[in-house]
Amino acid sequence: PPPPPPQQFPQFHVRSGLQIKKNAIIDDYKVTSQVLGLGINGKVLQIFSKKTQEKFALKMLQDCPKARREVELHWRASQCPHIVRIVDVYENLYAGRKCLLIVMECLDGGELFSRIQDRGDQAFTEREASEIMKSIGEAIQYLHSINIAHRDVKPENLLYTSKRPKAILKLTDFGFAKETTSHNSLTTPCYTPYYVAPEVLGPEKYDKSCDMWSLGVIMYILLCGYPPFYSNHGLAISPGMKTRIRMGQYEFPNPEWSEVSEEVKMLIRNLLKTEPTQRMTITEFMNHPWIMQSTKVPQTPLHTSRVLKEDKERWEDVKEEMTSALATMRVDYEQIKIKKIEDASNPLLLKRRKKARALEAAALAH
């Protein structure tokens, strides 16, 4: 029999509908004032299940359509082993305001790069970098396969489940997540447009490509300890740095990169492409030998842990720069999408395109 066709994505089953509980959260959990972290939209507190005494994390959001969307998308993604799991969601009144209370598994292992920085003498290797990128890639692959772009993949949103060596790395904070299927797509049951500009059907590419850029930056830092784009003046994000990001100006300086193969540098180049539509997709990334066959990746010792230790006081700036770069990118891509859709529905442009295609077809016919 012929081999089965290759599947683009493993078939994931999406979690069944989210049931929001209306009873008071304090019926079921003991809420403490211990702050675990600050999410994009609010603090995260430590809480304990009254039934099992197990520890969980609680995120509080003021109820509004944006908060509902965050909860809904995070809930759908919550099946993935590399995404922080939502356990319960409550709608309660708090200080007279309607709030959504999200109970999540507690990730006690700290941030990705703190863990690498705190290593003793054993070197961090290229193979470990590949394994880490694979687990982050699995989270993104899951999201993209169910048409969600996270749009805020950055170091502080990557946390370990525990301090143990075998801990699992998970992606958190869905405050900027976005559904990428265009519901108002141009194809209706009785009308399939004969020709549609690819930019009208492909705006979701932009949102997803934001995640791919993040993968490139994180992979770069994993391999050397510093980011590809940084501001020279110690400002959070300088005009010069914005230009470098836009122009894709970065290097692979020695000694940190001298032992890293050309193939790996090429993978980073394909993730950091300045034109979002040319960036590698998550499927291509997951199929790359460096990711797919991480057991074959050489155990080259890297400079990462030493550089992170030496630049410890710069790390807050690095995080701020990435936060800022992602914010700029989200705004830019929204504007590009709007402009492309306007261009695509501009009758004069459409006429010119039609003419050009007719000429092209005629030329091919000869």
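Using N, Cα and C of the backbone, Cβ positions are placed for all residues, glycine too.
Positions annotated as domain 'Protein kinase' by Swiss-Prot: 30-291.
For LEU36, GLY37, LEU38, GLY39, ILE40, ASN41, GLY42, LYS43, VAL44, LYS59, the entry in Swiss-Prot reads ATP binding site. For LEU36 (ATP binding site), the same-chain residues lying six or more positions away in sequence with a CB closer than 8 A to its CB are VAL44, LEU45, GLN46, ALA57, CYS106.
A strand conformation is recorded for GLU105 (staurosporine binding site) in the three-state DSSP classification. Shown in sequence order, PHE56, ALA57, VAL84, ARG85, VAL87, THR161 are the residues of the chain, 6+ apart in sequence, with a C-beta less than 8 angstroms from the C-beta of GLU105 (staurosporine binding site). Taken from Swiss-Prot, the feature staurosporine binding site applies to GLU105, CYS106, LEU107.
In the three-state DSSP scheme, ASP152 (active site, proton acceptor) falls into the coil class. For ASP152 (active site, proton acceptor), the Cβ neighbour count at a 10 Å cut-off comes to 23, with all displayed protein chains included. Residues or ranges marked as active site, proton acceptor in Swiss-Prot (evidence: sequence analysis): ASP152.
Sequence annotations record features per position, and here Swiss-Prot assigns phosphothreonine to THR188 (among others) based on similarity to another entry.
Summarising the annotation, Swiss-Prot assigns phosphoserine to SER238 (among others).
Marked as region 'Autoinhibitory helix' by Swiss-Prot on the basis of similarity to another entry: 294-330. With a cut-off of 8 Å between Cβ atoms, the residues of this chain six or more beyond the region 'Autoinhibitory helix' (294-330) that come close are 113, 116-117, 119, 123-127, 129-131, 134, 151-152, 154-156, 176, 210, 213-214, 217, 221-227, 229-231, 234, 236-237, 241-242, 245, 255-256, 259-260.
The phosphoserine feature in Swiss-Prot is assigned to SER294 (among others). Cβ neighbour count for SER294 (phosphoserine): 18 (other Cβ atoms within 10 Å of its Cβ, all protein chains included).
THR300 (phosphothreonine) falls outside any helix or strand according to DSSP and counts as coil. If you look up Swiss-Prot, you'll see THR300 (among others) marked as phosphothreonine, on the strength of experimental evidence.
Confidence in the motif 'Nuclear export signal (NES)' (322-331), given as mean pLDDT, stands at 84. Residues annotated as motif 'Nuclear export signal (NES)' in Swiss-Prot: 322-331.
The region 'p38 MAPK-binding site' feature in Swiss-Prot is assigned to 332-356.
Feature annotation from Swiss-Prot assigns motif 'Bipartite nuclear localization signal 1' to 337-340.
The motif 'Bipartite nuclear localization signal 2' annotation in Swiss-Prot covers 351-355 and is backed by similarity to another entry.
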Fewest-neighbour residue among binding-site residues, criterion Cβ within 10 Å, set LEU38, VAL44, CYS106, LEU107: LEU38
DSSP-derived helix, strand and coil totals, residue by residue, for the region 'Autoinhibitory helix' (294-330): 29 helix, 1 strand, 7 coil
Around the Cβ of THR300 (phosphothreonine), the count of other Cβ atoms that are within 10 Å: 15
Alpha-carbon distance [LEU38 (ATP binding site); SER294 (phosphoserine)] in Å: 33
8 Å Cβ shell about GLU105, CYS106, LEU107 centroid, staurosporine site members excluded: LYS55, PHE56, ALA57, VAL84, ARG85, MET104, ASP108, LEU159, THR161, LYS170
